[in-house]
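> Starting off with a structure, shown below.
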Amino acid sequence: MSQRHRTFTMNTEHGVVPDGREPSLINLYRRLIPDWTALAHKGGAGRVAVVGGCLEYTGAPYFAAMAATYTGADLAYVFCEQSAAIPIKAHAADLIVIPTMHASEARIPATNQREGPVDRVLAEQADAPPPPTSLPAETDDAYAVHIFGQWLPRLHAVAFGPGLGRDPRVLGAVQHMLAMAVEQRVPIIIDADALYLLGVAGRAGDDTRLSRALAARRQRESAHGGAATTAAAPLVLTPNAVEGNRLLHSFQSAAVERLLEEVLTAADLVVEKGTLDRLHFCATDARYPSPLLCSERGSPRRCGGQGDVLCGALLTSMAWAHRCLDESVRRHPHRYLAAAHGACRLTRIAARMAFAERYRATVASDVLAQVGPAFRTLECEPATPPTRVVQAGTFADASDEQR
Ligand SMILES: NC(=O)C1=CN([C@@H]2O[C@H](COP(=O)(O)OP(=O)(O)OC[C@H]3O[C@@H](n4cnc5c(N)ncnc54)[C@H](O)[C@@H]3O)[C@@H](O)[C@H]2O)[C@@H](O)CC1
Ligand SMILES: Nc1ncnc2c1ncn2[C@@H]1O[C@H](COP(=O)(O)OP(=O)(O)OP(=O)(O)O)[C@@H](O)[C@H]1O
């Protein structure tokens, strides 16, 4: 990674956020967890959805939706491109998989071709339209938008992106679905290919449905003096180092903080994944300056799919933070920060446990399997929030800090 990404430095002036802040983030996270007695009906602990999955990537939406379920959501839906539905259903009977988006014609495998599977994949890749650099205002996949619109009012949080791919027709439909979720005021996670979508269709100058929905949201939320209202639902962006720099480039932002000020709102968060996770947000409280670090020890294994597990943990945690029945928690200015910090810790504890058991053979399925035990650790251990503060800057290379 080039030097320009390595601009974060530990700032000892800010120092370590001491334990015992009232309430500490982990204590606040624990107050978000639905009470067993409150779970009188299926769906009470969350109905969440992942919009993602295409011909190439069926693991990513599976990991994200299952991680949401293992974190505690009662029902997890996957809205995927048609060809991904059967493989995802085959991965997990626990998921409700709804074939939704249609890929461009060139990407649909021809069933009457005489070539073998490898020839066919290569032919598909050669025929595949290039990823779009901009998207039209309208979609020709009205079916996908309609289906998603029918389910949306029942959902408590939606994650866009895991395994979505870059097919222009799919991205065209998904920008409408994302705009609908923004208008619905439901917590949204924007991950993986949906971060790419945001970069090509979410800028102020883009003549797209998504850009207009984000502008209207900013206007609506800024009417409250810049502070997040209790009704505001967060947008949570989860870039890795490469996605983060692509995002800053698309929005011509010099730093994540500029992105938050100019594109997002006071309710929103950017979770920058890496050696340490950095949680960026609009800080109004000197006790929790942005970015806040999650330095929970994770795993040295960098297998694919770990970001999807984090996406699912965030999905359930954000749904809980948004719907929390405890009025004092619902009004707490840091409830979304606590939800994100808890999800980051949960994922890293699960990765650490998986690595301890599987070492070099650790894969995302092993991390997923540890989400349940990791949750118990998070829920029951004494509160020791490992939070530190660094200077604001651009996205960092994952290799730029030592724990
Ligand atoms: N089993 C599956 O179905 C999986 C599917 N995935 C999906 O695959 C699609 C493409 O994801 P990509 O992540 O490849 O995205 P991109 O196509 O944007 O590629 C990003 C590249 O950056 C590299 N990279 C990531 N973090 C880095 C770091 N800290 N420093 C240097 N390089 C870094 C990656 O190796 C990758 O080659 C997405 O839809 C994603 O959700 C992944 O989630 C992995 C698992
Ligand atoms: N160098 C690292 N050391 C320890 N943990 C890391 C490191 N980099 C990332 N992580 C952790 O791994 C998880 C996934 O982050 P990663 O950067 O791999 O996401 P991603 O590239 O989007 O994943 P995916 O393969 O699912 O697309 C996060 O919980 C993050 O905290």
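Quick reminder: no glycine exception, Cβ is built from N, Cα and C everywhere.
Note that TrEMBL annotation is computational and uncurated.
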> Would you identify which residue of ASP94, ASP285, ASP308 TrEMBL lists as part of the (6S)-NADPHX site it also attributes to GLY163, ASN240, ALA241, VAL242, GLU243, GLY244, ASN245, ARG246?
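Candidate listed by TrEMBL for the same site: ASP308.
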> Determine, using Cα-Cα distances only, which of these binding-site residues is closest to ASP308 ((6S)-NADPHX binding site): LYS273, THR275, ASP277, SER299, ARG301.
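So, of the listed binding-site residues, the one sitting closest to ASP308 ((6S)-NADPHX binding site) is LYS273.
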> Where LYS273 (ATP binding site) and GLU243 ((6S)-NADPHX binding site) are concerned, what is their Cα separation in Å, rounded?
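A Cα-Cα distance of 10 Å.
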> Taking the Cβ of SER299 (ATP binding site) as centre, how many other Cβ atoms lie within 10 Å?
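The Cβ of SER299 (ATP binding site) has 23 Cβ neighbours within 10 Å.
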> How long is the line from the C-alpha of GLY307 (ATP binding site) to the C-alpha of ALA241 ((6S)-NADPHX binding site), rounded to the nearest angstrom?
12
> Out of the binding-site residues ASP277, CYS303, GLY305, give me the one sitting nearest to GLY163 ((6S)-NADPHX binding site) by CA distance.
GLY305
> Please list the binding-site residues from ASN245, THR275, ASP277, CYS303 whose Cβ falls under 6 Å of any atom in ligand 1.
none
> How big is the gap, in Å, between the Cα of ASP277 (ATP binding site) and that of ALA241 ((6S)-NADPHX binding site), rounded to a whole number?
11
